[in-house]
Each structure stands twice: as structure tokens, then as C-alpha cells.
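Before any comments, here is the structure.
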Amino acid sequence: MKIMIFPSKYIQGDGAMNLLPEVMEKFGDKPFIVATKSMVETSKKLMGNKGKVVQFGGECSRSEIDRIKAIAKEFGATAIAAVGGGKPIDASKVIADEMNIPVIVCATIAATDAPTSGCAVLYTEEGVYVEVLYQKRNPDVVLMDTDIILKAPTRFLISGMGDALATFFEANSCEHTRSLSEAFALRTKTTMALTKLCLDMLLKYGRQAVKDAENGIKSEAVEAIIEANALLSGIGFESGGLGSAHSIHNGLTVLPATHHLYHGEKVAFGTLTGLHLYDDLGIIDEVYDFCIDVGLPVTFEDLHIPNVTEEELKEVAESSYLYNFMSHEPVELSVEKVIAALKKTDKIGREKKAAKGK
Ligand SMILES: [Zn+2]
């Protein structure tokens with residue numbers, strides 16, 4: 001069986017967030033907003049005297065979800081909107097799902113796949129991973145406001161590119177091994193086409209988008225990268241599936257020094273390591289160039305682990321097998337092969353950076 005899942009409506013552009021009151025009104029007269037700290041006042045101003053705005057506590061944990069859900073129930077919320085990054089978005093998706101009401105996502109950064117997907121990552125209050133929660137459906141409306149996204153540090157946009165970079169390669173591996181996607185099914189041809197478009201758009205517009213974003217310039221390249229990071233990467237990972245890149249990301253998280261890096265930055269390094277294990281397109285050099293040019297990590301030093309030991313690399317490689325995505329790769333793998341690929345990623349990364357004078 002093939003399954004493909006989408007958000008119901010995707011809106012992107014300047015001032016998209018200003019549509020929030022109008023969008024929420026269509027779902028009922030008790031709009032309820034969960035806003036990240038820095039967006040509480042903006043959200044209140046935008047909603048006027050309509051609805052209720054609650055500040056998100058910072059972690060997508062069971063206790064925070066229950067706290068906000070109790071306020072939303074008491075208020076009689078007819079729809080929930082999340083205004084912020086991945087964690088408030090994920091928490092709001094879970095609350096809306098459990099209350100059987102619509103969820104509207106207004107993302108303030110384009111760094112992860114949270115805005116469009118129908119799943120959420122649950123953590124303990126201390127920020128330790130617990131599980132992935134799956135919702136009955138994907139968000140009802142997604143608003144990506146270019147103005148707001150450009151106000152955030154460019155590193156978020158770059159990190160989002162790192163996450164999006166893995167999308168095609170992981171779906172491609174899953175397709176070759178007929179592995180199940182995050183929708184627990186095989187892939188449509190549409191999914192495969194969109195993951196390829198995601199990669200093509202990154203390679204075509206990524207470098208220019210970084211330059212433009214750093215200068216606060218709204219451009220075709222910036223718009224294309226927001227679309228690749230949020231829409232194509234989101235649909236692509238969910239309906240396409242995961243592989244070595246996210247496995248290696250998960251493995252890297254066992255090293256505390258890598259916690260200073262964003263999700264997509266570690267995924268980018270994992271993508272390169274994955275290409276050392278399996279690269280049927282012969283594209284690895286192009287991917288290295290891209291990562292170095294936009295500022296994604298290609299060496300152990302970039303990952304803040306310049307003196308990583310053999311023992312630590314073994315731990316990373318072993319932990320990368322935790323969620324079984326490694327089995328989605330079309331080649332025979334072992335912990336030793338993964339360790340060798342991690343080292344090779346760093347070695348070639350250093351050589352290529354030196355050649356570029358970086
Ligand atoms: Zn990811």
C-alpha cells in the first residue's frame with residue numbers, strides 16, 4: 001500500500017501571519033493561540049480582543065501539553081494555533097488532536113519539518129527524548145511568513161536546509177529497499193518527485209538564499225528555500241521515509257558537545273556520512289560543496305567534537321542503529337563500516353574545506 005499525507009492548506013509569503021485571525025475565525029469563535037515567549041505580544045496585538053493567547057513553557061513535554069490543554073478546554077477553544085518554532089508547534093498539534101479540534105501552524109522559523117507533519121516529538125521536562133506521537137491528520141492550515149522568518153537568525157534557515165538535504169537520499173534508499181515511510185506505507189511517485197524537487201531547489205537556490213537572508217532581502221531564492229525546508233522536506237520525510245542521515249543524527253546526540261548544534265546541522269553531516277555508505281547518484285562531491293558553501297558541518301571540528309575518540313565514535317555508530325532506519329539502506333552495513341564512514345566524512349570534509357580556503 002502507498003500512502004501520502006499533506007497539510008490541508010499551505011500559505012507562504014510576506015505578512016502571512018496577518019491572516020491568522022481570519023483563518024481562525026473560519027473554525028469557530030473561540031480561537032486559542034499557543035505562542036512562544038517572543039511572539040506573545042505580537043499574537044495578542046494581532047488577535048485584538050478575540051480569543052486567548054497562552055505563552056508556551058518551552059518544552060514539548062506531557063506536563064506542558066496537559067497544562068495548556070486544561071486552559072484550552074476551560075476556554076472552550078474551537079481551534080488552536082501555534083506561533084513559534086518546532087516545540088510549540090508539536091505541542092499544539094498534540095493538544096488539538098486530543099481535543100479533536102483544528103490546528104493552525106504559524107511558524108516563526110523554517111528550521112524543521114514540524115510545520116507540515118502529522119507527528120510530534122515528545123520530551124521529558126528536562127528535554128530528553130521520550131517518543132514520537134502520531135496525530136489523526138496533518139495541520140489544517142500552515143502559515144509561513146517570510147517577513148518573520150527573515151527576522152530570525154539565518155542559522156535556522158541553514159539548519160532547515162540541512163534537514164531538507166537528507167529528504168531525497170533517505171526516500172531514495174527506502175524506495176530501493178521497499179522500506180516503510182513515516183506514514184507506515186510505501187511511496188507514491190508523487191512523493192519521490194517532490195523529494196527530488198526538494199534536493200534540486202536546495203542546490204539551485206541555497207547559496208543565494210543564505211546571502212539574501214543575511215542581508216534581510218526577500219528574494220525568489222529565500223522563498224524557494226522556505227518552501228523546500230517547510231513544505232517539500234516535511235511532506236518528503238513523512239511520506240518518503242528515513243534512512244542513514246537521521247540515524248547518524250540520532251547517534252551523534254549521544255555526544256553532549258553536539259547538543260549546541262541544531263537538528264538539521266547534524267542531519268547534514270549524517271547525509272554526507274550516509275553518502276559515503278551508499279551513493280547511487282555519484283553526487284557526494286556536489287553535496288560537500290553545497291554544505292561548505294552554505295555553512296553546514298562537514299568535519300568533526302564543525303560538530304564541536306575535534307578530538308572525538310575511537311570509543312565515542314563507536315558509541316555514535318552503535319546508537320545510530322537504535323530506531324532501525326539503518327536497515328532502510330540498500331547496502332550491508334555494520335558498526336565498523338559506519339565508524340569508517342564517519343571518519344571519512346571528516347577527512348574529506350577537511351580536505352575540501354582547505355581546498356576552498358575555509
Ligand atoms: Zn529531520
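Positions of Cβ are set from backbone N, Cα and C atoms, glycine also.
The model shown is predicted, which means the values in this text are computed figures rather than measured ones.
Its Cβ taken as reference, P88 (NAD(+) binding site) is surrounded by 32 other Cβ atoms within 10 Å in the chains shown. Annotation source TrEMBL lists NAD(+) binding site at G86, K87, P88, I89, D90, S117, Y123.
Around H263 (glycerol binding site), taking its Cβ as the centre, 20 other Cβ atoms fall within 10 Å, counting all chains. Annotation source TrEMBL lists glycerol binding site at D113, D163, H246, H263.
Annotation source TrEMBL lists domain 'Alcohol dehydrogenase iron-type/glycerol dehydrogenase GldA' at 7-146. Here the domain 'Alcohol dehydrogenase iron-type/glycerol dehydrogenase GldA' (7-146) is broken down by DSSP into helix, strand and coil counts: 50 helix, 42 strand, 48 coil.
If you draw a 10 Å sphere around the CB of D90 (NAD(+) binding site), it holds 25 other CB atoms from the protein chains shown. Mean predicted confidence for the domain 'Alcohol dehydrogenase iron-type/glycerol dehydrogenase GldA' (7-146): the pLDDT average there is 96. For the recorded glycerol site, residues D113, D163, H246, H263 set the reference point as the centre of their Cβ atoms, and the other residues of that chain within 8 Å of it by Cβ are T112, G162, A166, S233, F237, H249, G264, V267. A Cβ distance below 6 Å to any atom of ligand 1 is met, among the binding-site residues K87, P88, I89, D90, Y123, D163, by D163. For the pair I89 (NAD(+) binding site) and D113 (glycerol binding site), the Cα-Cα distance reads 10 Å. Looking at the residues that bind NAD(+) per the record, G86, K87, P88, I89, D90, S117, Y123, the two CA atoms farthest apart are separated by 17 Å.
The two recorded residues, D163 (glycerol binding site) and G86 (NAD(+) binding site), have Cα atoms 13 Å apart.
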